[in-house]
Amino acid sequence: DTMRRVVRQSKFRHVFGQAVKNDQCYDDIRVSRVTWDSSFCAVNPRFVAIIVDASGGGAFLVLPLHKTGRIDKSYPTVCGHTGPVLDIDWCPHNDQVIASGSEDCTVMVWQIPENGLTLSLTEPVVVLEGHSKRVGIVAWHPTARNVLLSAGCDNAIIIWNVGTGEALINLDDMHVDMIYNVSWNRNGSLICTASKDKKVRVIDPRKQEIVAEKEKTHEGARPMRAIFLADGNIFTTGFSRMSERQLALWNPKNMEEPIALHEMDTSNGVLLPFYDPDTNIIYLCGKGDSSIRYFEITDESPYVHYLNTFSSKEPQRGMGFMPKRGLDVNKCEIARFFKLHERKCEPIIMTVPRKSDLFQDDLYPDTAGPEAALEAEEWFEGKNADPLLISLKHGYIPGKNRDLKVVKKNILDNKPSGNKKSDLISAPKKAVDASNPQNDAKLDEILKELKSIKDTISNQDERISKLEQQMAKIAD
């Protein structure tokens with residue numbers, strides 16, 4: 001009876017999901033077929049990024065949000081990795097910076113031009129090398145500028161200062177088995193991880209110690225997920241011994257018993273949790289499911305309240321989740337998902353039905369803005385800070401992003417820094433003898449060829465846009 005009463009009073013009781021019309025989808029995209037349980041999609045108020053199939057290497061598309069409709073096969077991609085891309089994450093403090101982790105054991109950080117790509121991007125701002133096996137997880141620090149976490153199949157977690165290209169923390173002895181996911185807490189002072197050994201660990205990365213851990217968080221052998229909530233509790237999804245999907249809520253100060261544990265169904269897709277700290281709603285998207293279930297977390301029993309399910313016909317290959325500042329507050333939109341099908345990406349909008357056209361401040365408390373609360377150095381020295389909040393009352397207007405500058409500290413280290421043009425043509429191990437005239441000639445030749453290829457591409461681009469204009473005229 002208490003459950004009924006509590007849930008019925010929630011303002012999110014009638015949240016409903018709606019897929020956008022066909023012409024507002026992104027069509028003809030070859031979504032990656034890699035068997036990896038990441039979400040394959042990352043969005044922010046400017047761009048949607050999608051990991052795609054790429055022959056011979058790894059690539060992802062970056063589309064301005066308004067570029068809906070059919071995406072041309074020759075649309076430029078971000079394609080500097082030599083192996084498939086496994087995870088991507090937009091920087092929360094700069095809407096033009098995105099990080100990618102790949103099977104080629106590297107993490108790359110990219111600066112996307114303000115209006116999107118016109119040519120394929122092969123030059124990252126910085127290459128972060130330190131993992132010995134493929135990198136399946138990348139996650140930016142929520143409040144400190146230029147701090148990036150990566151986790152690889154070498155069971156190591158590395159925390160980088162992207163501004164200097166250095167690995168500053170390497171947690172390589174805490175996990176004995178594959179890491180399924182890593183989540184920062186609200187102010188970025190702790191991380192929690194879910195791992196194949198069925199443990200959830202809470203780690204203080206700067207002290208490099210495990211603060212709390214729980215064995216057999218979920219008894220089943222299939223992958224788990226663990227994320228921090230705004231109040232410091234941990235929400236997990238996993239499988240029971242009988243392979244039923246479960247969700248649970250934990251207090252890291254006492255991990256003996258869960259605060260709540262619910263069995264869901266017997267489907268076998270991993271449940272990816274997406275959390276909105278402003279409304280305390282968790283959306284669960286199962287890989288291969290065709291539904292999104294959502295729950296409200298409160299501090300009254302039963303703590304995790306089922307709200308509703310958005311169902312569609314097609315199964316989802318992956319899912320992107322828009323940050324709050326990218327939503328339309330005039331339409332009472334409280335969440336927007338970007339659902340990946342095999343060949344397209346379809347936005348799904350979650351709305352609270354309200355009659356009034358006025359700004360609904362109970363639905364939109366101040367939310368995390370794009371300004372970093374700390375610099376990387378301050379965080380590494382031990383400072384903490386909560387996210388800097390902004391009001392959405394008049395909608396969010398994206399400001400100008402400053403370019404990501406990387407200042408390498410170790411100038412004398414002869415490892416290629418990965419962000420200079422010349423690295424591509426310098427010999428891999430020994431420095432090129434610059435006085436060798438043969439090399440000079442070769443260099444000139446390569447540069448000429450590069451220039452002519454670039455010219456050809458830009459000519460073709462012009463031609464394509466002319467033809468498109470003619471097509472449009474004929475169509476009209």
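The backbone N, Cα and C atoms fix where each Cβ goes, glycine too.
TrEMBL: automatically predicted annotations, no manual curation.
It is 443-470, from the ranges 415-442, 443-470, that TrEMBL records as coiled coil.
With helix defined as DSSP H, G or I and strand as E or B, the repeat 'WD' (172-213) counts 0 helix, 21 strand, 21 coil.
Sorting the repeat 'WD' (128-170) by DSSP state (H, G, I as helix; E, B as strand; all else coil) yields 0 helix, 25 strand, 18 coil. Counting residues per DSSP class in helix, strand and coil order gives 0 helix, 22 strand, 21 coil for the repeat 'WD' (78-120).
Broken down by DSSP into helix, strand and coil, the domain 'DUF1899' (5-69) contains 7 helix, 24 strand, 34 coil.
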